[in-house]
Structures are given as structure tokens and as C-alpha cells.
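First the structure, in the form of C-alpha cells, and then the observations on it.
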Amino acid sequence: MKHSATFSDLATGPQARAVRPLPEPALTYFPDVRSAPSDRDLTAGAAPTSPSAAMVDDEPHIPVLLDRCVELLAPALTRTSTDGSGATLVDATLGAGGHSERFLTQFPALRLIGLDRDPDALHIAGDRLARFGDRVTLVRTRYDGIAAAVAESNCAATGVDAILFDLGVSSMQLDRVERGFAYSVDAPLDMRMDSGSDLTAAQVLNTYDEKALARVLRVYGEEKFAGRIAAQIVRRRANTPFSTTGELVELLYQAIPAPARRTGGHPAKRTFQALRIEVNAELESLRLAIPAALEVLRPHGRIAVMAYQSLEDRIVKTEFAAATASRTPPGLPVELPGHGPRFVALTRGAERADAEEIERNPRSASVRLRALEKVGGQ
């Protein structure tokens, strides 16, 4: 297995810091992540999750829509040979490597370029995919660095055959409570997908002014009580800065009216989503990543993107609509030669997991899958 220069010097990951169960509801549901959905909002008196249960997930992380992703991308990977010889797949959100492992196994000559900003994910996936040897190249980067990663892997001249995005925070990241992504257990307010980046959730809470905090919560969390929450954050931090997820959850229970807490899931879910998106610049990265990915595809190459919340899916939908639109100037009665769409849609709108998959893998309940193929000669 080959590693990029940005990956070779990674440490084995930060040591876990002490965590303790919250005395508040213990849910692990986010509306935008690969975790089991729930329409319940536990009462404040609910039994807390134990640290061992929260930190360790013994259940296997089943890749979402795995068969459908293979079905959509396989034609692009087998144009030359049924074993994937000569083809390159970019897994732009490598995670634990579940999707990549399936592709490498099913197509025994396929080459993989795996991207992830999370050094822990790269180590875990690296171990999982080690048996595939030099067919695998891992690159530590955000997915908007896809063009540079492809160039570094000597594929820039020819392009790649298929690209897969599986967006959102992964189950693996949620399970590591010391990372601060989940609100079910008290832990440091971190939320960085890349432990080497500077901004943390605690810094957002402790340094953004009230107007900026409200904007983050309203835009990225679609939180209707954004102004009220932001005001209480500013008042509280004047006496004691925020340092743990438990402190934030406690404030959210005070800030959000009781009737609103009883519906729509855990009252912390929107604020935690908003902070995570802000800390990791997720939407900005995605807006850059999709056009860059479309550019590095070779003719007849395919791309599949799985989104788990409306903000991400809206960006994907917009970029895909532009890519499949005619380039003939509006108002002309016929399409000009060479001005047709650069891509064709492979899915009718966004596909969702069926009931059977959701029962087998509850993490797939909120997924939206869209896919395109690049028109030949483009």
C-alpha cells in the first residue's frame, strides 16, 4: 500500500481523554449522519449511557447502499476488463474503508485512491486495506483536495474512472466520544475531523460574537431558536468558558422551550450539527469538491454521492443540475453542436434506501444518493 507524503508522518492518533456519561438524555441520533434514527426525545430523567457503551461500538459498521454503489459505478470500472484492470476509483470519503474494500475485492485489478482528512480513519482503513498492497494509495486531505490527490497519484493526464462520496460524520467518529461529535456522553468540545486543524467547537462557542453564533446555528443547524441559544451562550461564557459537550447540552435544555424539546428528536442535535459543519468547513469544502471531482473524471466516468442531510444534498443537487444542463445559450430553438450537457443523470432525483436495507442497516434511513456519468468526448 502506498501513502502520500501527507500521510506517512501521522501519529497513531490522540490518546483518549476522560469521558463521563451525561445526566441528560443519551441519544446518538443526528439527522445527517450514519447512525440509527429515532423519533423519540428522551426525558431529562432518562438513564444515562454508560461510558463503555458510548465509547465502544461492537456492531459492525455496515456501508450504506453498498450494492447500489457498486451497481452504479461498475460499468465505468469495467470498460476495459471485468476485473477492473486499468481502472481507478477515488473514494473521496474513505472512513473505515468499507465501501473501498468491497470494490477492491469485487474488481481484483482495480486501483484505489482513498482520501480522508481524519488521520485515525486513514490508520484504520490502512490496516483494513493492507492486503490489497500497492493497488491502494491513501492521501490525507479534505475532499476538495481531490484534484491535487489525483495529480499526486499520477492520474491527472488520463483522469479517473469513478468517484464515490459518502458525506457526513461517520459512525466511527461518533463512537469515539473523546472527539466531541456526540452529545450522549460528556467529552471535550472538539469536533475536528482533522486533529491537526486549529478551530475547535469550544473556540467557536467561546470566541464568536452573538450575531456570528446565531448565524452558524441558524444556517448550518436550521435551528429556529438560534438567537435565543446564541444569547445564552454569550451570557454563560462571560463567567465560565465552555469546555465540554455536557456543558453545552445543559445550556441547550435551558434555552430551548420545553414544548420544542418534546418533538423532533434530541434538542442538541441541530446545534451539534451546526458546530461540526462550522469547525470543519464542510459545506464550503463540498461546494469546491463536487466541481473538482467532475473535472477529474474521464469520459464515461461515473460519480456517486450519498448525502445525509438537506444542506449537503442541496449542494449536490445544484451542482449535478448544472452539470446535466445544456450549454447552448438560452433562447435558441435548437441545441448547438458541442454544447450539449457534459453529464447525464444515472438516478431519477435522489434514491433512498429501501425498507429491507433500513431494517438491516438503520444508518441508511436518511441517505440520499445521486449519480452521474460523464458524456463521451467531454
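One is the number of the first residue shown, and numbering goes on along the chain from there.
The backbone N, Cα and C atoms fix where each Cβ goes, and this holds for glycine too.
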Q: Quick one: sort out which of 29-56, 57-84, 113-140, 169-196 is the region 'Disordered' according to Swiss-Prot.
A: 29-56
Q.
Can you tell me how many other Cβ atoms are located within 10 Å of the Cβ belonging to His99 (S-adenosyl-L-methionine binding site)?
A. 26
Q) Can you tell me the three-state DSSP label for Gly98 (S-adenosyl-L-methionine binding site)? A) helix
Q: Name the secondary structure element type, per DSSP in three states, that contains Tyr143 (S-adenosyl-L-methionine binding site).
A: helix
**Q.** Three-class DSSP secondary structure - Gln173 (S-adenosyl-L-methionine binding site)
**A.** helix
Q) Including all protein chains displayed, how many Cβ atoms other than that of Asp166 (S-adenosyl-L-methionine binding site) lie within 10 Å of its Cβ? A) 24
Q | Residue among the binding-site residues Gly97, Gly98 whose Cβ has the most other Cβ atoms within 10 Å | A | Gly97
